[in-house]
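The divalent metal cation binding site annotation in Swiss-Prot covers S50, S52, T116, and the record cites similarity to another entry as its basis. As annotated by Swiss-Prot, compositional bias 'Basic and acidic residues' applies to 400-420. The compositional bias 'Polar residues' feature in Swiss-Prot is assigned to 490-500. Here Swiss-Prot flags 502-562 as compositional bias 'Pro residues'. According to Swiss-Prot, the feature disulfide bond maps to C37-C218. Per Swiss-Prot, phosphoserine is recorded for S360. Under the heading signal peptide, Swiss-Prot lists 1-30. Among the features that Swiss-Prot reports, topological domain 'Cytoplasmic' is placed at 341-562. What Swiss-Prot lists as transmembrane segment is 320-340.
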Amino acid sequence: MDRAGRLGAGLRGLCVAALVLVCAGHGGRREDGGPACYGGFDLYFILDKSGSVLHHWNEIYYFVEQLAHRFISPQLRMSFIVFSTRGTTLMKLTEDREQIRQGLEELQKVLPGGDTYMHEGFERASEQIYYENSQGYRTASVIIALTDGELHEDLFFYSEREANRSRDLGAIVYCVGVKDFNETQLARIADSKDHVFPVNDGFQALQGIIHSILKKSCIEILAAEPSTICAGESFQVVVRGNGFRHARNVDRVLCSFKINDSVTLNEKPFAVEDTYLLCPAPILKEVGMKAALQVSMNDGLSFISSSVIITTTHCSDGSILAIALLVLFLLLALALLWWFWPLCCTVIIKEVPPPPVEESEEEDDDGLPKKKWPTVDASYYGGRGVGGIKRMEVRWGEKGSTEEGAKLEKAKNARVKMPEQEYEFPEPRNLNNNMRRPSSPRKWYSPIKGKLDALWVLLRKGYDRVSVMRPQPGDTGRCINFTRVKNSQPAKYPLNNTYHPSSPPPAPIYTPPPPAPHCPPPAPSAPTPPIPSPPSTLPPPPQAPPPNRAPPPSRPPPRPSV
């Protein structure tokens with residue numbers, strides 16, 4: 001299948017890959033609850049079918065079957081290779097699950113026999129890896145080799161050489177040794193000692209290492225954060241997955257971005273951990289561009305593919321949000337202006353409301369006990385005896401006498417009766433069916449409700465204060481206008497009495513009054529008006545014509561003398 005078909009199959013598995021975001025450990029779990037791997041790479045099983053495993057081939061088959069079912073990525077390809085005197089490829093590299101099922105059936109029918117030529121199996125694997133790389137795919141490869149015996153010196157040399165050749169092509173080599181194996185030989189054939197899985201308890205114990213093999217051999221990419229970026233902006237991506245430190249050298253780990261299935265850009269990560277990578281990402285300038293995320297464990301020699309796609313979108317600079325907030329604040333300001341403007345522009349005079357009528361103490365419905373006050377027999381006030389006036393009882397309050405008692409003078413022989421109980425508790429009210437109303441139990445939210453009610457009352461009072469001041473329909477008024485009135489004659493500042501020796505002193509400003517009209521001498525009893533004092537140096541007030549007085553009606557107006 002070509003690369004485009006493989007990518008299409010990977011896109012179909014996008015929904016499956018999204019489920020692993022909630023999984024932990026080695027990547028995820030299958031429907032039956034067992035561990036699973038979602039990595040997209042090429043997996044090669046190289047199995048020993050020499051005569052030493054003749055009676056244990058069923059255990060080997062079930063081990064391979066269980067392990068193969070744990071790799072469930074649609075992008076994973078698998079191949080079965082057996083070796084004895086020579087190597088045979090039972091199933092070539094494929095991701096077709098039906099072909100994998102048929103390959104497992106062929107594997108079950110294998111009849112073991114022959115010598116242990118492990119290098120023959122590595123040769124068959126290297127041939128396929130080389131062919132796939134020549135096609136331009138460069139997919140990461142994982143080899144799991146199983147044997148049960150010790151290799152002779154020459155066979156060990158050839159096996160190590162072919163394993164190194166597979167590594168040079170980008171493969172990661174794991175070895176499984178059963179019972180009578182040489183662990184030192186397998187450590188040199190595999191990538192390291194950590195890549196060797198010993199099974200000392202025989203072939204029956206192969207099922208117990210499936211989880212360990214899956215955890216160490218699985219290299220998977222589960223997610224990328226962020227998955228959507230802004231076009232034309234630089235960013236960093238966090239690659240979530242497993243097995244990123246399984247490489248022989250973590251310094252050779254690379255993040256790869258395949259843009260629109262055409263251009264591949266490799267970036268060295270800032271941090272490499274077993275479960276995540278922190279990588280710089282290339283700048284995608286156009287909206288709608290897509291970058292498929294890949295990881296290389298060998299400095300770009302081969303890549304582990306995934307279904308994780310990073311897309312670009314258009315991002316605003318925040319101006320729309322700023323404009324929206326500005327419009328919102330303007331609307332709020334207009335609403336406040338509409339509410340408070342009539343308070344500034346309308347003068348309203350309202351009648352003083354009548355004083356509130358004080359409620360009687362007897363009508364107190366708060367349910368609190370009422371205090372009893374001493375009573376005084378008022379028959380002894382001013383009546384000179386018991387039959388003097390009508391008997392009247394007066395209640396004395398805690399701040400002195402009540403209004404009735406304040407009008408009377410307490411007599412010496414007044415009888416004061418103290419109440420038996422200081423407080424009088426109200427009787428419980430009965431319902432229509434003569435049943436008493438049960439007291440409401442205190443809820444857990446009662447304190448919170450009380451505080452909220454108090455806050456609501458405070459806000460309501462503030463609203464009512466402003467609402468009362470607002471003009472009602474029909475109220476009239478006008479705004480206060482401040483205007484400047486221009487005077488026709490500017491005011492003159494009075495002259496100061498400053499002495500200038502070079503100039504003569506100015507003459508006092510004085511205008512003699514007009515001659516008084518001739519009037520008959522007044523009666524002797526009338527007092528003589530005082531003589532006006534001479535004017536001072538200050539300027540006199542502005543002269544105005546004397547007011548015209550109307551003559552008495554009993555005599556004609558006087559004539560002026562000639």
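A Cβ is built for glycine as well, from the same backbone N, Cα and C atoms used for every other residue.
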Candidates S50, S52, T116: member of the binding-site residues with the richest Cβ shell (10 Å): T116
Cβ atoms near C218 (disulfide bond) (within 10 Å, other residues, all chains): 26
S50, S52, T116 excluded, remaining Cβ within 8 Å of their centroid (divalent metal cation): D48, K49, G51, V53, S84, P112, G114, D115, T147, D148, G149
Between S50 (divalent metal cation binding site) and C218 (disulfide bond), the C-alpha gap once rounded to whole angstrom: 28
Coarse DSSP state, helix versus strand versus coil, of C37 (disulfide bond): strand
Number of Cβ atoms other than its own within 10 Å, given for C37 (disulfide bond): 26
Model confidence over the topological domain 'Cytoplasmic' (341-562) (mean pLDDT, whole number): 58
Rounded inter-Cα distance in Å - C37 (disulfide bond), T116 (divalent metal cation binding site): 31
Pairwise CA distance, C218 (disulfide bond) versus T116 (divalent metal cation binding site), rounded so that it is a whole Å: 28
